[in-house]
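Q: Have a look at this one before I ask anything.
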Amino acid sequence: MTRAPLSLKIAAIGGLAFLHIPLLFILLYCFTTEEKSYAFPPPGFTLKWFGVVWGRADIWAAVGLSLKVASIATVLALILGTLAAGALARARFFGREPISLLFVLPIALPGIVTGIALRQAFGLMEIPFSVWTIVLGHATFCIVVVYNNAVARLRRLSPSLIEASMDLGADAFQTFRLVVLPNIGTALLAGGMLAFALSFDEVIVTTFTAGQQSTLPIWMLSELIRPRQRPVTNVVAVLVILVTFLPILAAYYLTRHGEAVAGAGK
Amino acid sequence: MHAHAAPIALPAVRFASVVRHFGAVRAVDGVDLSIAPGEFFAMLGPSGSGKTTCLRLIAGFEQPDAGHIEIFGETVEGLPPYRRAVNTVFQDYALFPHLSVGDNVAYGLRVRGIGRADRDRMAREALAMVKLSGMETRRPAQLSGGQRQRVALARALVVRPKVLLLDEPLGALDLKLREEMQSELKGLQRALGLTFVFVTHDQSEALSMADRVAVFNEGRIVQVGPPEEVYERPATRFVARFVGSANVLEAREAQALGGPARPSSLRPEKIALLAPGAPVPEGAALVEARVTDVSYQGPVRRVSVLTGEGLALTAAIPATAAGAMVGATVRLAVPRDAVRSMEGEQ
């Protein structure tokens, strides 16, 4: 093994620092005593903002709405994404490629296009804005994430495993539960966690589909404009980092060893 | 495990004019077939000849486009695999990677709703039958190829199928293991009195294991019969060449050797090399020819010769016999009764 040259090491460290130092500033300003601007260094340190966050009903409403939307969108994505992957992973039929493309398109399209399209569609159909319109908006990209994970794992699954299960007397439902699901389980878990994290911090599509309600990211955006109690936003941001980062970390560790499970029958 | 099946007149598997095509390809093109209960039946043919599709039609993974299939008298068209009393040993074994060996074997019992204790006991018995006792807790990935195949066999047999289907069962094993498994499969089949149907492209495997062999070519059965018959009296040029590489003679050539005036086959090992000056045996024709190629194959040498009339023959002579050198002229004796008409040819 050759060692990386010094310049490459410096570039790598620089890149990582550029990505992560701003996060440290968010953490730092959770504790500042200055509430109107982010002066460096902070004039003093306090824990009072955590108390303020705890006491504010609007934050808890936003957190609750975000958790609710992300949970429903994830469950919806798990069901529909898995079904779609099951249909498209192996079967050969006319129009299969266009349908696969249409499935993946929502994540490639700019969120603003998805958002405007949904808003106009809801308007035309006279559907009032609610939790469900947000959920539908988020489901468009959450399904893609689950679908992509599931379809990749399904394609690695030997088709003779499914035939063997049916041959041994299992019907389609038993085969799915006892053979397919255990073999794609980690992929679904990873896809679901990613979908949850994406939904939890989504802003653009939500802006167009939320009406008067605020999800957490929307609340933060509106809070930044206000002149007072700025560190409150920082405290909430740190909470968001925890809520989105932990599932992604878990998904990474769960799927890291997934190859051995799916490929062992080959 | 199984009492002897009652002697019934119904065939275990019956095909009547079965057709299965994939797009424009007629994979199975009008197959008629009758497999007796308790028979060890081989479907032999090159890849793409339709033999595997026939096996999948019996298992229910494919449905016929035309024709009729019965298993022990029951019409099975339209029946899904899980409603058929047949089980398959897959070519890649298809063991469930997320289950232990014991749970793999017990899978068929589990989906039938048999309780944990009973199915574990039956799985243990099935594993003992294939000499894998004590392997219950292993994962398929921890087993050798031969062991995986035994697990696949135990998993299929534990649910007591009426017919066991084997798709190229020995294809992935090395020679020594293959010979071992051949006799073991044969022994199991005899002990259980079960109908075994197996697919292979290896003629020696088919000949050594099967009670009857069906030779497939281009979606049709070209000959079916006991191994001796298929080997000794090939019905067509294809069978003659595919099973044991026989010499194929045109009517004129067969007649010149004292055989019938019809397209005929001649087994290489029936041709004898005569020592210089030795008399021609009774009932044999003498052929003088020039040796064009010699290939040593252990017990025998395959000697290719060309006669003055332009007839090319291959003879298999004992490797210990001397005198066959490339370019030399040799005297060969061809017994007349070894030149056999191919009844399936015009």
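Indices start at 1 and increase along the chain as displayed.
A Cβ is built for glycine as well, from the same backbone N, Cα and C atoms used for every other residue.
The shown structure was predicted, so the numbers you read here are calculated from the model rather than taken from an experiment.
Pasting the feature list from TrEMBL:
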{"type": "DOMAIN", "residues": "A:63-251", "note": "domain 'ABC transmembrane type-1'"}
{"type": "TRANSMEM", "residues": "A:6-31", "note": "transmembrane segment"}
{"type": "TRANSMEM", "residues": "A:38-57", "note": "transmembrane segment"}
{"type": "TRANSMEM", "residues": "A:69-89", "note": "transmembrane segment"}
{"type": "TRANSMEM", "residues": "A:101-121", "note": "transmembrane segment"}
{"type": "TRANSMEM", "residues": "A:127-147", "note": "transmembrane segment"}
{"type": "TRANSMEM", "residues": "A:176-197", "note": "transmembrane segment"}
{"type": "TRANSMEM", "residues": "A:203-222", "note": "transmembrane segment"}
{"type": "TRANSMEM", "residues": "A:234-254", "note": "transmembrane segment"}
Q: Which range out of A:69-89, A:127-147, A:176-197, A:203-222, A:234-254 gives the transmembrane segment (A:38-57) the most CB pairs under 8 Å?
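A: Ranked by Cβ pairs under 8 Å, first place goes to A:234-254.
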Q: Restricting to CB pairs under 8 Å, which listed stretch, A:6-31, A:176-197, A:203-222, is in contact most with the transmembrane segment (A:69-89)?
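A: Highest pair count goes to A:176-197.
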Q: Mark yes when the transmembrane segment (A:234-254) and the transmembrane segment (A:203-222) have three or more Cβ pairs under 8 Å (sequence separation 6 or more) and no when they do not.
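A: Between the transmembrane segment (A:203-222) and the transmembrane segment (A:234-254), contact is present.
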Q: Determine which recorded stretch among A:101-121, A:127-147, A:176-197 has the most C-beta pairs below 8 angstroms with the transmembrane segment (A:234-254).
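A: It is A:176-197 that shares the most Cβ pairs under 8 Å with the transmembrane segment (A:234-254).
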